[in-house]
Amino acid sequence: ASAPAGAPVPAAIPAEGGPDAAARARSAGIPTVAIRTLPDDGEDDTTHTVHAFRVVREGRPQEAGDGEPGGERIPLDAPVIVGRRPRPPRVVRGAEPRLVAVPSPLGEISGTHLALRQDSGVVVVTDLDSTNGTAVLAPGAERLALRPGESLVVVPGTRIDLGDGVVLEILSAR
């Protein structure tokens, strides 16, 4: 069910990481709510909408093929791993992840830096123990540095700074 018109939309929601992640998100001004978990079979009985993201190089104007500012729209119809030279996990459960390589001329972005996935209609971002970290800037909230291995649920409009001027922007489902 969708929220009533005019209802506040949470900017980001802690996913994994326990009470510490929730407390840190709240202190950054990020509203938090619980998300529903799927049954063990992984099937979701709700209408399936697919969010997306795009890679934006800060300070470099880009134009996507669809006329939107920024880079190419990349759907989250499968998990995504982003990094300088991303590698898939040794064991894959579910859909094979899409690997997205981003430039890192100064080496600030780890080879396998970050994971993005859609879970029950929300987007979950996970720092994959990156060397230089991941910063999340949700609309209307303070910048939040993810700890290694920490996950956070984010909403469209959230920007994820990987370093070296590379930012991922979460886009609405179409």
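Just so you know, glycine gets a Cβ as well, placed from its N, Cα and C.
Not measured: the values here are computed from a predicted model.
If you check TrEMBL, you get these features:
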COMPBIAS  1-19  compositional bias 'Low complexity'
DOMAIN    80-136  domain 'FHA'
REGION    1-26  region 'Disordered'
(message) Looking only at the domain 'FHA' (80-136), what is the model's average confidence as pLDDT?
(response) 94
(request) Mind tallying the domain 'FHA' (80-136) by DSSP state, helix then strand then coil? (result) 0 helix, 23 strand, 34 coil
